[in-house]
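Visitor: Please see the structure below; I have some questions.
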Amino acid sequence: MAIPSVKLLGGYDFPVVGLGTWQSDNEQALEDALNAALELGYRHIDTAYVYRNEHVIGRVLKEWLTSGKIKRDDLFITTKLPMEAINPDRVEQYIKKSLESLQLDYVDLYLIHFPICTKPRKPDSKEPIETEPTDHIAVWKKMEEQVDAGRTKTIGLSNFSIAQIDRVIKNSRIKPACLQVEIHTFFPQNELVKFAQDNGLVVVAYSPLANPSINKFYAKMGLPPKELPNMLTNGIISSIAKKHNKSNAQIMLKFLLQRNIVVIPKSVTATRLKENIDLFDFTLDGDDLTALRGLDQGEPARVCDFSFAKAFVSHPEWPFPARD
Ligand SMILES: NC(=O)c1ccc[n+]([C@@H]2O[C@H](COP(=O)([O-])OP(=O)(O)OC[C@H]3O[C@@H](n4cnc5c(N)ncnc54)[C@H](OP(=O)(O)O)[C@@H]3O)[C@@H](O)[C@H]2O)c1
């Protein structure tokens, strides 16, 4: 099935459902998921240098492109400048690394992953993470140069605050096309979404299902589990799902689509991949929307809070509200 698109700055088609690939650590499982997703009609794939899976995505895309089953123009590939490269001297080097792994001449969207630069260190290093001073305007100029050089069609921001987005917009030659941030029913980020949409950025929701597997990540980082709302067990979401004969995940995703927000649910499970794009034959009504709006829990429901590194929280460019 063809997934509907919205227009990004520059007129590019951006499919409203993409495939998330964070925590897709098992190469075979990711390869199978990518093949299944492409067969089902997914054309938008979200990755990042830091997910360490660009080479797997590159391998699968190469097969689809060389066999002629798909054309490069039909795909929308997003990747991200990692925190260790939020520095004007490293932007070109890192986008080239991503393009090499992805086996592509260009990506469709290149995002600054997070507004804080870290000191480069070895993968899996147990040393504490250290940060560096971070100059968004200088980095943005290098991002613009990647568009000029044809390495990416569009550029954007991830995890930036309203003040940080505003500063980039006011100092840009090429405007950010997209803002990718955490958004879901329990954490709707209404003010940030309104600001970005009013300024012409397409908003993408990451962790749109409030990532029910997030505690696997915290365990891997040696951190205690977080108590977070769960979309699978929430009674209000379940009753709306029952009314529409849909799953809880589909209600979570549809609520975002009806706010004109693009979603990138991650799954490596074939049945869920199918479910996560089967969203276009029903509409949430006024009562559903009111009930879902009532599930807003604000900051405590943030799944990916990045505060696991103490150096981030004390950095002048920390983008999220201070925690007690
Ligand atoms: N810019 C950033 O800083 C940032 C941060 C976080 C995420 N992201 C991007 O956003 C994507 C999505 O976010 P996320 O991975 O954090 O979380 P998510 O998509 O909200 O949740 C993924 C989890 O939900 C499960 N799942 C998927 N579909 C389901 C369904 N229909 N029913 C029940 N469970 C389902 C998946 O399990 P299975 O895989 O086992 O099926 C996985 O455990 C990421 O993969 C990544 O591409 C970006």
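Keep in mind that glycine also has a Cβ here, set from the backbone N, Cα and C atoms.
Automatic prediction, not curation, is the source of TrEMBL annotations.
Relevant sequence annotations retrieved from TrEMBL are reproduced here:
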- 17-295: domain 'NADP-dependent oxidoreductase' (DOMAIN)
- TYR51: active site, proton donor (ACT_SITE)
- LYS80: site 'Lowers pKa of active site Tyr' (SITE)
- HIS113: substrate binding site (BINDING)
Visitor: Other than its own, how many Cβ atoms are within 10 Å of the Cβ belonging to TYR51 (active site, proton donor)?
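Guide: Looking across every protein chain shown, the total is 20.
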Visitor: State the three-class DSSP label for TYR51 (active site, proton donor), counting H, G and I as helix, E and B as strand, and everything else as coil.
Guide: helix
Visitor: Average the pLDDT scores across the domain 'NADP-dependent oxidoreductase' (17-295) and report the rounded value.
Guide: 97
Visitor: Quick check on the recorded positions LYS80, HIS113: which one has the highest count of other Cβ atoms within 10 Å of its Cβ?
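Guide: Buried the deepest by this measure is LYS80.
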Visitor: For the residue listed as 'substrate binding site' and the residue listed as 'active site, proton donor', determine the Cα separation and express it in whole Å.
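Guide: Taking the Cα atoms only, the residue listed as 'substrate binding site' lies 11 Å from the residue listed as 'active site, proton donor'.
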